[in-house]
């Protein structure tokens, strides 16, 4: 008697299709407010991300002329597919905003039902929408019906651990024509304080046929193996782990799918041309925002690079006080000449939640440009 044939396990790093758009693999940069601007998205794409989602953009088009929104709307020279994430509560406004963004070149529209920031949730937007399943259905149907490009959705697992409803939201999403669903493994009430759980994503995967993307605490090749094994998700979205470490995509690709790696890593797990990448990152920030504002934006990125790669608290303090592009380039050269290059990958330091996102300054609310 012939032994039964065993089906080979799917590779961890594999192509991903969202609607009619084919991606080379399944590692995606998350839409972090105040972080995932065009310079950072472009850097992460160069360092291996298959897709990079924009910062959330308010659906209130009257606010698109504010300086912060103008920068968010800038996709000049960015590698496609272009993904624009919209935030709002009104189905008609979101549908019109989606149409306008597609007219401007967006190839995927993503809807934000995942932001837990208090100033967002107080308006009923972001993760607060999870409390109103009927409104969610109206929003999804309106936006999907308004554009010919794929519409995706990012959610949390529910409002609180006691009221998780992500499975019902996921079913609404699939019935509404959503092309892919991203599930962040925390509730709104949890913020970023608790470890992410991916059991909810596993339950959703068993019920949905559309692509599922898992998000939350994905920060290493080992966590990629664990989360994909736990959830059977089609893709992974990486957020805070990329702060000060945009090469994490190349690191994971090198470990799990060397053939997919765009370039090689050196013995320390870093790109040998890291100096070139980070220098160009600073230059692209100044080009987008102008030097005065760009220096302020660059401070946080340099601070994250410093916290990842340096044990010198004095260097971090000088970065926080830096006031010119010239000074910041000098500080970057000093950082890249430091002892981290000898210490290797194990010395790259993790960032805590308080060191990551600064949502208080990231996006306009009605009446606040």
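Placement of Cβ uses the backbone N, Cα and C atoms for every residue, glycine included.
Residues annotated as active site, proton donor in TrEMBL: 115. All protein chains considered, the CB of residue 115 (active site, proton donor) has 26 other CB atoms within 10 Å.
Mapped onto three states, the DSSP output places residue 240 (FMN binding site) in helix. Residues or ranges marked as FMN binding site in TrEMBL: 31, 32, 33, 85, 154, 184, 239, 240.
Along the domain 'DUS-like FMN-binding' (28-333), the predicted structure has mean pLDDT 94. Annotation source TrEMBL lists domain 'DUS-like FMN-binding' at 28-333.
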In whole Å, how far is residue 115 (active site, proton donor) from residue 154 (FMN binding site) when you measure between their Cα atoms?
9
Please list, in sequence order, the residues in the chain of residue 85 (FMN binding site) that are at least six apart in sequence and whose C-beta is under 8 Å away from its C-beta.
31, 53, 54, 55, 56, 57, 109, 110, 111, 112, 154
Could you give the Cα-Cα distance between residue 115 (active site, proton donor) and residue 240 (FMN binding site), in whole Å?
14
Can you count the other CB atoms that lie within 10 A of the CB of residue 31 (FMN binding site)?
26
